Every structure is written in C-alpha cells, then in structure tokens.
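Everything on this sheet refers to the single structure shown next.
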C-alpha cells in the first residue's frame with residue numbers, strides 16, 4: 001500500500017460505516033454484502049470440496065461396502081444387507097478386541113493426562129534450565145510412531161532390552177515384555193512417553209491462570225494441593241476436556257500394537273500378542289490378511305458410531321465447560 | 001545444592017532447599033526416563049548382532065560399530081526412500097499450508113449465511129477418526145488409478161486440514177480491522193487482500209503450519225503403506241519393514257541405526273522451529 005493511497009482512505013474513513021441509510025448507499029451496501037458472501041464461499045470452497053470428496057464420499061462408499069461381501073478380487077461379490085453387522089454382533093473376537101481397545105483408552109488417556117499435567121506443573125516452577133527440561137520432555141512426542149515402535153521394541157527386548165537388563169541386575173527373572181500378558185503394559189508406556197505433548201498444551205493453560213487467584217487462595221490459607229484442585233484444574237478444564245476427547249479418538253485408532261509386534265509388517269498382524277489385539281488391529285487383519293473389505297467396512301462404521309457416542313457422552317458429562325469460541329466477534 | 005552454604009540456615013530455608021532438591025531430582029529422573037528409549041536405540045544401533053543375541057544384556061557395545069549406520073544406509077535404497085518421504089512431505093506441507101491459510105482467512109474475515117454451521121462441521125471433522133476414511137479412500141484411489149502415485153497427497157494438500165485451518169483462523173481473526181479497510185474502499189478483491197496483505201503478515205503461522213504438516217507426513221506409516229508400493233514408498237515404511245534377512249529374521253542393529261537416521265531429521269527440524277511449533281501446538285484446543 002502506497003502512502004497516498006493511505007491518505008485517501010484517511011480522508012473518508014467512515015464512508016462504509018455510515019452507509020446504509022440512504023437508498024443508493026443501501027444498494028451499495030447490499031452489493032458489498034453479496035460480494036462478501038461470494039468471497040466467503042470462494043475461500044472455504046477448497047475445504048468444502050475436499051471434505052465432500054475425501055471424507056463424505058469414502059465414508060458413504062464404506063457404508064455401501066459394509067452391506068456387501070466385496071473382497072477386492074473376487075468378481076462375484078454380492079449384497080448381504082445387514083449380514084456383516086449380524087456376523088459382527090456374534091463374533092467374540094470382535095467384542096474382545098473392542099473391549100481391549102476400550103480398556104486401553106480408559107487406562108492410557110487418564111494416565112497420560114495426569115502425567116502431562118504433572119510435568120507441566122513441574123516445569124512451570126521457577127527453576128534453572130526450565131526451557132531445557134521442557135524441550136527434552138517434549139522431544140519424545142515428536143518422534144514418529146515407527147521410531148517409537150522400534151525404540152520400545154529394543155528397550156523391552158527379552159535378551160537385549162535395557163528393562164530386562166535392570167531386572168536381572170537386581171536378581172529378578174527376565175520378562176517377555178513383548179508377549180502376553182505384559183505387551184499391554186508396553187503399549188501403555190508408549191503412550192506415556194508422548195505425554196510431553198499434553199505437558200506443552202497444559203503449560204499454555206497454566207500460564208493463563210490469573211496469578212491473583214492463587215495469591216487470594218494462599219492468603220485464605222489454602223494448601224498447595226487445595227489450590228491446584230480448586231483453582232488450577234477447573235480453569236484448565238477446557239484443555240483437559242480437549243485432551244480427553246482427542247486422546248480417546250487417537251487411542252482407539254493406534255497402530256502401535258502392529259509396530260511393537262515381533263515382525264511388524266502388515267503380514268505380521270498375526271504376531272500381535274493377544275493382549276494388544278485391539279479393535280483397529282482386528283480391522284486391519286480382516287482387511288489385509290483376509291481381504292474382507294465388506295466386513296472391515298462394517299467394523300469401521302461401528303467404530304465410528306461408537307466414537308460419536310463416546311464423545312457425545314464425554315461432552316454430556318462435562319457440560320458447562322466452554323470448549324472453544326465459534327464467533328470471532330465474541331472475542332472482542 | 002551443596003551443604004556448604006554461607007547463609008545461616010533457618011528452618012524455612014532448609015525446607016525450601018530440600019524441596020528444590022526433590023524437585024530437581026524428580027525432573028532429572030523423569031527426563032532420563034524420557035530420553036532413555038532413544039538413547040537405547042542409539043546404543044542398539046552400535047552393537048553387533050552377537051551382542052544383541054546373548055542373554056545378559058550388554059549395556060555398552062564392546063566395540064562401537066559405527067559402520068552399522070553406513071551399512072543400514074547401503075543395505076536398502078535409503079536415499080531413495082528418504083527422497084520419496086521428502087517429496088510427499090514437501091508437496092503436502094506446502095499445499096496444505098497455503099490451502100489452510102486460504103480457508104482460514106475465509107472463516108476469520110468473511111461471513112455468509114451458514115458460516116457457523118460450516119465452522120462447526122470443520123471443528124467436528126477434526127475428531128473424525130482418520131482410519132475410517134483411509135481404507136475406503138484406498139479403494140477409491142485404486143479405482144481411479146491413483147495408487148502408487150503421489151496424487152493423494154496433492155489432493156489432501158489442496159483440500160486443507162481442519163487443524164491448520166483453525167490455527168490460521170485464530171491468527172487472522174486477531175489482526176486489526178484497519179488492515180483491510182483501505183483496500184476494500186479502494187475496491188481491491190478479497191483474493192488480492194489475502195495475498196498482498198494477510199499472507200505476508202502470517203509468517204509465524206505459515207512456518208508452524210509447514211513444520212507440523214511436514215512432520216505428520218514424515219511420520220505417517222499407514223497411508224504410504226496402503227497407497228505406495230515398495231519402490232515409491234517412504235522411509236517410515238522402509239525402516240519398519242525392509243531390515244529383514246533373507247531367512248526372514250529382523251536385522252535389529254541395522255534397523256535401530258536406520259530408525260535413528262529416520263528420526264533425527266525430525267528432531268532437528270523440531271529443535272530449530274521449536275518456538276513456532278510449540279506455539280502452534282499449544283493454541284489448539286484453547287479459547
């Protein structure tokens with residue numbers, strides 16, 4: 001913008017604001033509004049088109065497939081109506097894997113939130129090398145799943161793993177960590193390893209907590225724990241709610257069991273220990289190992305509906321918590 | 001931390017000192033635990049297969065096998081896979097950053113009937129499990145002949161990502177109204193306003209968005225595993241699946257070395273871009 005353009009604007013700064021009373025100005029305002037509306041749709045179009053083509057269409061396609069016996073190869077697949085869903089209802093493997101996924105979410109999400117929040121409180125104190133601690137604790141959260149999987153596989157290896165090294169050093173027997181029943185604990189530890197992510201987000205929340213509230217509580221003689229429980233946690237609740245919802249969704253979809261399995265290729269799905277055979281692993285084994293696209297699609301749709309219900313329930317039970325602000329004008 | 005303090009030790013001072021000692025001990029211990037798995041990965045990558053096979057753990061390699069890193073690099077077409085990863089990461093991150101800025105601008109500065117609903121859907125779609133769309137997407141792309149090409153990443157990039165749209169929207173919504181007023185009065189189109197005024201203002205978010213999208217793609221395992229065949233696949237898939245001997249047993253030390261080489265670039269990018277990256281991450285879910 002050039003200087004004389006700026007001065008032109010300064011000469012008639014209220015031109016648009018005061019318009020709207022006279023008829024001609026009203027019409028001008030209307031075309032301005034129409035232009036703004038058109039522009040809005042032009043700007044959000046990439047997302048709308050992408051959402052329709054890359055999300056809605058695939059989901060509709062999966063819904064259709066879930067009523068068929070399509071396997072990708074055989075030409076004579078057919079429509080079976082609710083057949084796949086009926087099978088799913090009677091399949092104990094499906095229910096067991098769903099139970100494991102649910103248990104994994106119920107255990108790992110609260111644990112990682114508590115861990116992340118705990119770390120955030122620690123690195124929020126005025127300590128030396130605070131930035132360094134924050135960075136180092138956050139670092140594992142940046143490690144891609146494949147890196148994390150391989151790192152944990154080596155850490156918990158029966159012979160060469162450091163954990164068994166420590167156990168045997170203290171005279172205990174080595175444990176087959178990557179097999180049943182211990183594999184589930186390793187899976188949970190991979191989640192906790194990434195708690196730095198929750199730490200960073202909680203830290204931002206902690207820094208928004210008004211200092212006066214803490215001071216007032218201290219004057220009233222509240223203990224540190226009491227202050228944390230009654231002031232910090234409630235003020236952080238939107239952050240915690242967000243973490244819970246995204247954490248649950250991520251945990252039921254995790255492919256980490258596959259990456260932790262002894263020979264982790266897609267062909268190695270059968271080597272995933274029972275205790276880590278979660279719902280998503282079940283979907284993948286139906287899909288890759290057995291090529292049952294129809295049945296796998298039914299499994300995915302059931303999962304989608306269950307996630308909707310779960311998030312609905314989470315929001316229901318935590319209602320009254322402001323989640324985000326839709327209206328940008330309301331910020332002012 | 002030493003006891004040879006010159007100041008007189010009042011009980012309060014001693015207690016504070018003890019608390020600090022506990023605090024630092026806990027922090028150092030936790031940090032050690034968090035760095036441990038990665039440290040062990042590096043050590044594993046420096047050992048011989050014999051050391052990894054024998055029962056009492058070899059804490060440190062007797063002779064550090066630096067050549068494992070070179071071997072891991074040579075055993076597979078490491079550079080080729082890295083190049084593939086770089087291509088899709090750059091293509092996706094570049095496109096998705098621009099498209100998300102574009103869409104974010106629309107949500108932040110313009111309005112039209114249905115905006116609230118659309119924004120609600122956008123935010124809601126962030127919670128949509130990606131796996132649910134990925135498997136059918138694979139089948140559709142297979143029909144369109146786009147399997148084993150990088151087109152899916154182009155399309156995903158062009159269609160913007162809700163999370164990044166949200167970041168850009170938050171940023172653009174916070175800029176002053178005066179910024180575009182003059183341009184509007186002069187009859188500039190909104191496209192021009194976006195390109196000439198808003199985009200140049202948003203360097204912090206642009207770089208954060210690029211880094212975030214880049215690390216997503218670099219770290220993604222499932223989409224390339226599904227959509228790309230061996231030659232065109234990415235480093236994530238190669239590191240996970242190709243370090244296997246002809247007998248079908250995993251070559252653990254080379255795989256460990258390879259995964260160090262796979263992870264380190266991401267850690268470096270993070271350390272360099274740390275400030276914007278963390279700021280970007282921490283705006284999510286707040287406000």
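Including glycine, each Cβ sits where the backbone N, Cα and C put it.
Heads up, TrEMBL stuff is auto-annotated, nobody curated it.
The feature transmembrane segment, as given by TrEMBL for the ranges A:15-39, A:40-64, sits at A:40-64. Per TrEMBL, the listed range annotated as transmembrane segment is A:135-156 (candidates: A:69-90, A:135-156). Range with TrEMBL annotation transmembrane segment, chosen from A:165-185, A:186-206, is A:186-206. Below 8 angstroms of C-beta separation, residues 119, 123, 162-164, 177-178, 186, 189-190, 193-197, 199-200, 255-256, 259-260, 264 of the same chain, each at least six residues beyond the ends of the transmembrane segment (A:135-156), sit close to that stretch. Within its own chain, the transmembrane segment (A:186-206) has Cβ neighbours under 8 Å at 104, 107-108, 111-113, 115-117, 119-121, 123-124, 134, 137-141, 143, 148-149, 152, 156, 177-178, 232, 235-236, 238-240, 242-243, 247, 251, 254, 256-257, 260, 276, counting only residues six or more beyond its boundaries.
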